[in-house]
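Novice: According to Swiss-Prot, the protein carries these features:
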type	residues	note
ACT_SITE	Asp15	active site, proton acceptor
ACT_SITE	His43	active site, proton donor
BINDING	14-20, 42-44, Arg306, 332-334, 414-416	GTP binding site
BINDING	Asp15, Glu16, Gly17, Lys18, Asn40, Ala41, Gly42, His43, Thr130, Arg144, Gln225, Thr240, Arg304	IMP binding site
BINDING	Asp15, Gly42	Mg(2+) binding site
BINDING	Thr300, Thr301, Thr302, Gly303, Arg304, Arg305, Arg306	substrate binding site
Amino acid sequence: MSLANVVVIGAQWGDEGKGKITDLLSRSADVVVRYQGGVNAGHTIVVDGRVLKLHLIPSGILYPDTICLIGPGTVVDPKVMLGELDMLLANDIDISGLRLASSAHVTMPYHRLLDLAMEKQRGDRRIGTTGRGIGPTYADKSQRSGIRVIDLLDEQRLRNRLEGPLTEKNELLEKIYGIEPLDGEAVIQEYLGYGQRLSKHVVDCTRAIHSAAKARKNILFEGAQGTLLDLDHGTYPYVTSSNPVSGGACIGAGVGPTLIDRVIGVAKAYTTRVGEGPFPTELSGSLNDQLTERGGEFGTTTGRRRRCGWFDGVIGRYAVQVNGLDCLAITKLDVLDEMDEIQVCVAYELDGERIEYFPSSSDDFARCKPIFETMKGWQCSTEECRKLEDLPKAAMDYLRFLADLMEVPIAIVSLGASRDQTIVVEDPIHGPKRALLSA
């Protein structure tokens, strides 16, 4: 499978299975770039029976000839990152291809403490943060008081940069939240140590990407979370603090939009959400339990049980529009194997009126009632299917319905966690932009 410059995004609320799809596409990539988010995201990859859980490091690290860049739009927790590197080394995985943007911002210990304290203070108004300090890190970045990776490489610079923010954060911790202040010298020494270990990976990300582009290398941009968690385009305020949408790749990696050739969206065959916020197709009772257990719907980062519901075609169409999707990868089709009936949300009812768009107000979204189309289930295993024609007719009908509903081709179908449990319907990079699986 040849590759151009491609963005892979989540078309729902995250946890769509982007890690597996990125892993599949990374085989042909020269460079993989993570462009936003931090350790609040997580992806699981199964390789030769080994389960590898990564939060910050791109899936492409599993390919020794691939350069993996953590871009300036990310926020880096160096302690977690080094833990991931140690895990990869313990699994005999070469990490020499890892590159870390010198301008990426760093999650400091006070960010994590403030994240948890602020969420606790919100009470019933909590937003469902992972508690990893992501929001406070991005807030400091916007307020121009953040610490960057490059600051960890020079002791005097780190001391100068940290003096004001640490004093301010300690006052907040102690006087507002009643938390013991941090020892500034201990923080400095700890983070200088992280900088020393990471220094060999630190680069000017923009120069590295444009050098690769000039050399006509294939570049894969990997987003974290999903479209409905985007700070500007998601279910605000129940969102993340960055831009997972495809446009975020330009800002978070430092490239112009003309460098991007294709955008691939990843969506589950049903829908999940972690944390708070409206979720029109959410299920309860035995159906919810069935999806949770069969789909292993527990967060990679937090371990929290994910909320499960039927496929929502309204937010799917919205994701197609916001990201300019060229094609879709549908994951976890096998999780629906035992269902006798499957429902798909095709529209909402809002205050007695049928609407077919995603409302920008979360209050309006919370009042939306799903309007479903009911489809026949296939009630047999799809896990061993390797070609489209191997799928039962009802499964084919379901995929065709999703493609028509979202008005975008389905190029990849995933039927399990392993690499080989995948049907590549057509080349997701160079395939025609047509209605796939049409009659």
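Backbone N, Cα and C atoms are what each Cβ position is placed from, and that goes for glycine too.
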Novice: If you measure from the Cα of Gly42 (IMP binding site), which of the binding-site residues Lys20, Arg305, Leu415 is the nearest?
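Specialist: Nearest listed residue in space: Lys20.
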Novice: Want to know which recorded positions, from Asp15, Gly17, Asn40, His43, Thr44, Leu333, are within 10 Å of Arg306 (substrate binding site) at Cα; which are they?
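Specialist: Asp15, listed in sequence order.
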Novice: Pick from Gly17, Gly42, Gly303: which of these binding-site residues has the biggest number of other Cβ atoms within 10 Å of its Cβ?
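Specialist: Its Cβ has the most other Cβ atoms within 10 Å: Gly17.
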Novice: Could you check which of the recorded positions (His43, Gln225, Arg304) sits closest to Leu415 (GTP binding site), going Cα to Cα?
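Specialist: Minimum Cα distance from Leu415 (GTP binding site) across His43, Gln225, Arg304 lands on His43.
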Novice: Fill in the CA-CA distance, Lys20 (GTP binding site) to His43 (active site, proton donor), as an integer in Å.
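Specialist: Roughly 8 Å, rounded to the nearest whole number.
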Novice: Select the closest residue to Arg305 (substrate binding site) from the following recorded positions, measuring between CA atoms: Asp15, Asn40, Thr44, Leu333.
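Specialist: When the Cα distances are compared, Asp15 comes out closest.
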Novice: Which residue among the binding-site residues Asn40, Thr130 has the fewest other Cβ atoms within 10 Å of its Cβ, if you could check?
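Specialist: Selected from the binding-site residues Asn40, Thr130 on minimum Cβ neighbours within 10 Å: Thr130.
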Novice: Cα-Cα, whole number of Å: Gly17 (GTP binding site) versus Gly303 (substrate binding site)?
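Specialist: Answer for this pair: 16 Å between alpha carbons.
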Novice: How many neighbouring Cβ atoms, not counting its own, are there within 10 Å of the Cβ of Leu415 (GTP binding site)?
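Specialist: Around the Cβ of Leu415 (GTP binding site), 26 other Cβ atoms lie within 10 Å.
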Novice: Which has the fewest other Cβ atoms within 10 Å: Thr44, Gln225, the binding-site residues listed?
Specialist: Thr44
Novice: Within 10 Å of Gln225 (IMP binding site) (Cα to Cα), which of the recorded positions Gly14, Asp15, Thr44, Gly303, Leu333 do you find?
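Specialist: Near Gln225 (IMP binding site) by Cα: Gly14, Asp15.
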